[in-house]
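Per Swiss-Prot, the features are as follows:
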COMPBIAS  212-227  compositional bias 'Polar residues'
MOD_RES   Ser10  phosphoserine
MOD_RES   Ser439  phosphoserine
MOD_RES   Ser450  phosphoserine
MOD_RES   Ser496  phosphoserine
MOD_RES   Ser559  phosphoserine
MOD_RES   Thr570  phosphothreonine
MOD_RES   Ser587  phosphoserine
MOD_RES   Ser672  phosphoserine
MOD_RES   Ser826  phosphoserine
MOD_RES   Ser940  phosphoserine
REGION    1-31  region 'Disordered'
REGION    212-231  region 'Disordered'
TRANSMEM  86-106  transmembrane segment
TRANSMEM  130-150  transmembrane segment
TRANSMEM  287-306  transmembrane segment
TRANSMEM  319-336  transmembrane segment
TRANSMEM  770-789  transmembrane segment
TRANSMEM  800-820  transmembrane segment
TRANSMEM  841-863  transmembrane segment
TRANSMEM  916-935  transmembrane segment
TRANSMEM  949-967  transmembrane segment
TRANSMEM  983-1003  transmembrane segment
Amino acid sequence: MGRGAGREYSPAATTAENGGGKKKQKEKELDELKKEVAMDDHKLSLDELGRKYQVDLSKGLTNQRAQDVLARDGPNALTPPPTTPEWVKFCRQLFGGFSILLWIGAILCFLAYGIQAAMEDEPSNDNLYLGVVLAAVVIVTGCFSYYQEAKSSKIMDSFKNMVPQQALVIREGEKMQINAEEVVVGDLVEVKGGDRVPADLRIISSHGCKVDNSSLTGESEPQTRSPEFTHENPLETRNICFFSTNCVEGTARGIVIATGDRTVMGRIATLASGLEVGRTPIAMEIEHFIQLITGVAVFLGVSFFVLSLILGYSWLEAVIFLIGIIVANVPEGLLATVTVCLTLTAKRMARKNCLVKNLEAVETLGSTSTICSDKTGTLTQNRMTVAHMWFDNQIHEADTTEDQSGATFDKRSPTWTALSRIAGLCNRAVFKAGQENISVSKRDTAGDASESALLKCIELSCGSVRKMRDRNPKVAEIPFNSTNKYQLSIHEREDSPQSHVLVMKGAPERILDRCSTILVQGKEIPLDKEMQDAFQNAYMELGGLGERVLGFCQLNLPSGKFPRGFKFDTDELNFPTEKLCFVGLMSMIDPPRAAVPDAVGKCRSAGIKVIMVTGDHPITAKAIAKGVGIISEGNETVEDIAARLNIPMSQVNPREAKACVVHGSDLKDMTSEQLDEILKNHTEIVFARTSPQQKLIIVEGCQRQGAIVAVTGDGVNDSPALKKADIGIAMGISGSDVSKQAADMILLDDNFASIVTGVEEGRLIFDNLKKSIAYTLTSNIPEITPFLLFIIANIPLPLGTVTILCIDLGTDMVPAISLAYEAAESDIMKRQPRNSQTDKLVNERLISMAYGQIGMIQALGGFFTYFVILAENGFLPSRLLGIRLDWDDRTMNDLEDSYGQEWTYEQRKVVEFTCHTAFFASIVVVQWADLIICKTRRNSVFQQGMKNKILIFGLLEETALAAFLSYCPGMGVALRMYPLKVTWWFCAFPYSLLIFIYDEVRKLILRRYPGGWVEKETYY
């Protein structure tokens, strides 16, 4: 079985590739898997089958033979998907993406410290501290992200059902229970209602056996299983049962024809684990961002390295400067900020029923431009419900309310009494025990979906069905089978002590053929042409709504011929099944979930295309698509246009039709180009009767258009598509383990509407990360410029390394994280999905705003404070220029200031460190304004308001921390930070105000002139 795959699937790609043979081989194997299942066991006669598997069809295998086959084939279990070892996951967190930048910074710091230690007698330890702190930051955040992902994968593991499955096999003529893993090819296996099918079986005998194939094919109706070969395609034929589907009723015997990975289910699981997964958009964004920052850092570093050499510094000093500038450019706190932002959003989404398995998927959902959604259970409730009935020549809507307040017809009608009696009696579904206190619509039933729907409908409108059945005991029955397409039962009548009533339901046209009269207003009248036309119209109308229609009829058996105690023979029929009395039609549908139409509308206004992909019938699919708004009102398909204009479909220009329903069998014969054509030209698309492999091809088609695709699914059949999509969304309640394994996110309530919440959260996190990064990067400029002036103008160093760390890992952290809590701006779900090519997380405009505009104002504020303090101490700006070498000379203890006072080395250093502290305080003051302007990208702060409590806490926290670092006793020794005069705090205030006013004016122009020059240059 192939594992690993090419990124792009097209038949042409495999031949065109001349790359390594191994890759081609893998692609070829995966293409094989993408093709439909090939097997011929369903075509063999029973004798040929016995010969092929060397098995006696009545006694089963011998124990010896079973052991040999088990040794040859291995246990009957799916190979678990290749998992990443924990240490690899941990290393990825430690060395992936952003961490690399910090590691390089740390190594450069140790290098610089090494050079200084070799050159100087008393080297300063700044670089050593910085290196250690950087390494610590990476390790702590790495552990944090690893813990987060491990936690959500723990939740994943709890989904796996740990019970070892049992299977009933017959070996050497004895029935025995064994673990399903020990079942081998050729085993004779029995399954009954409620069992999971232990392997792929070829049925050799069955009694009313029905299986639920929905996890494999997506069909919600149970499928009949019998020994007859009915279809070329093994997935459609009746005589094959598939591994891990459920048997819902009846019993069957079969020969095992495939086990483990060789089963149809196994092939799909292998296909899913073999697909290569692309990188998440946010990972690419962070990489792009690292390249940008590194570019800026290296450019600055190298230019000042050259400059310092020109200015006459020694090589070694120049290298120290180079390293210093590069490290000053590294935003140390940003890694932690990004991780915390993603984690917070993941937690917030979990509260809204979206469990995110890997943190980066949170953002992917926000950039989604196409959602391919499954129908059954995601858009619909996965609960068949009676929708309409037709009797007395009128269509009535069914009343599904608990208190029957929505009745649309007179319940006293004798025809309705007859119809409800047939629906309740000719019905094998029952409520499971102990649910008397639960509302009827929520109760669990045993029986197939349509019968359960009828049961609930009759229970609601006529009271207890069980009592009705007790009053009319069943004496004979013919279960539904696909040849005669009806179900019949005979009951003793409660209203006459001697006679019986025969009740029948089934496919409407078959039922009508057996009737000669029809019940209208409680009277039997002949079934004439007029009534047949009325029936036909009602049948077509209900069928066109995508509903499953059943016909009902009855016959009161004459008591003379069929007295009580009469032996009805259901094999050799000894009672009439013709000339019955037609009573009415009832139609059922799996109704859309209540919140879905609204959610689809939100997707549309957010520029997201919703495509329905289902295994169900095209008419049903189209009806639901219209019901939930995937096909919006007034939009027509080619068929609709042809019907309206009364012309053949070939004459309609397909481009005129906005909507389109594609049948799986047509999709099979399409080339990639034709599929692309459909995806390009139609805005509203429904794919019906699709196979799992086709789902994958549809996803790849959307990705070829450059879309970011989200796929929802619950069945095993969805797992390849879930894996291939940019974000796979599995269902938490109805989803199979395989689909949960392949997905990136799990909807705990199975509701499509939760996806829209997810999209909003994803867009919000992208916006908020942008804001966080803009905020964090801005303070880089006031941190770097002091260093540059120190080199160029030869002034005493205005801001030290330790104080830079106090900003990046101290005061800036909480405010940066608080932006993750910022509420969405008003246009968040009205924008088009972001284009991953042009709309980057960090773009040139963001860098120019943070570095070139706001950052420069901040730096001015810091230098203003610096020059004020030195001037107050007697060093005017003119005296400072070129003073650096004397200032830093330990032997010089009589340096004169502008007024002729002499300063010792120790005294000078205390003033210098006080300046560091004041510069630090000024940065905190200007970062207040920066934090407030970063709250919004387009709206005014006054529109947005200050509702973000965490942000207000962040403002207070950074101020308190700055004051603590300045005034706490002992800081002078520990971090060389000294207490400041109160007035020095206010030096930067005007600059803070300037930043706020400057940005509010900019945003006003943005809103007044959208698309103008200001937007092009400054909107990040």
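Every residue, even glycine, has its Cβ placed from backbone N, Cα and C.
Annotated features taken from Swiss-Prot, shown on the structure.
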residue	record	Cβ within 10 Å
Ser439	phosphoserine	10
Ser450	phosphoserine	21
Ser496	phosphoserine	11
Ser559	phosphoserine	15
Thr570	phosphothreonine	14
Ser587	phosphoserine	24
Ser672	phosphoserine	17
Ser826	phosphoserine	12
Ser940	phosphoserine	15
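The modified residues shown are Ser439, Ser450, Thr570, Ser672, Ser826; of these, the one with its CA atom nearest the CA of Ser559 (phosphoserine) is Thr570.
Comparing the Cα of Ser826 (phosphoserine) with the Cα of every entry in Ser439, Ser450, Thr570, Ser587, these being the modified residues, the smallest distance points to Ser439. Only sequence-distant pairs (6 or more apart) were considered; of these, fewer than three Cβ pairs between the transmembrane segment (841-863) and the transmembrane segment (800-820) are under 8 A, so the stretches are not in contact. Sequence-distant contacts of the transmembrane segment (319-336) (same chain, at least 6 residues past either end, Cβ-Cβ under 8 Å): 98-99, 101-102, 105, 108-109, 111-112, 115-116, 127, 130, 133-134, 137-138, 140-141, 144, 293, 296-298, 300-302, 304-305, 308, 313, 772-773, 776-777, 780, 783-784, 787-788, 791, 801, 804-805, 808-809, 812-813, 816-817. When the modified residues Ser439, Ser450, Thr570, Ser940 are screened for a Cα within 10 A of the Cα of Ser587 (phosphoserine), the ones that qualify are Ser450. Recorded stretches compared: 770-789, 949-967, 983-1003; the one with the most Cβ pairs under 8 Å to the transmembrane segment (800-820) is 949-967. Ser587 (phosphoserine) falls within a strand when secondary structure is assigned with DSSP. Between the transmembrane segment (983-1003) and the listed ranges 86-106, 770-789, 916-935, the one holding the most Cβ pairs under 8 Å is 916-935.
If one looks beyond the transmembrane segment (916-935) by at least 6 residues along the same chain, the residues whose Cβ comes under 8 Å of a Cβ in the stretch are 771-772, 774-775, 778-779, 782-783, 786, 797-800, 802-803, 806-807, 811-812, 815, 818-819, 822, 854, 857-858, 861-862, 864-866, 869, 941, 944, 948, 951, 954-955, 958-959, 962, 965-966, 976-980, 984-985, 987-989, 991-993, 995-996, 999-1000. For the pair Ser672 (phosphoserine) and Ser496 (phosphoserine), the Cα-Cα distance reads 67 Å.
In this structure the alpha carbons, written CA, of Ser450 (phosphoserine) and Ser439 (phosphoserine) are 19 Å apart. Closest in space to Ser496 (phosphoserine), of the modified residues given as Ser439, Thr570, Ser940, is Thr570, taking the CA atom of each residue. Ser559 (phosphoserine) falls outside any helix or strand according to DSSP and counts as coil.
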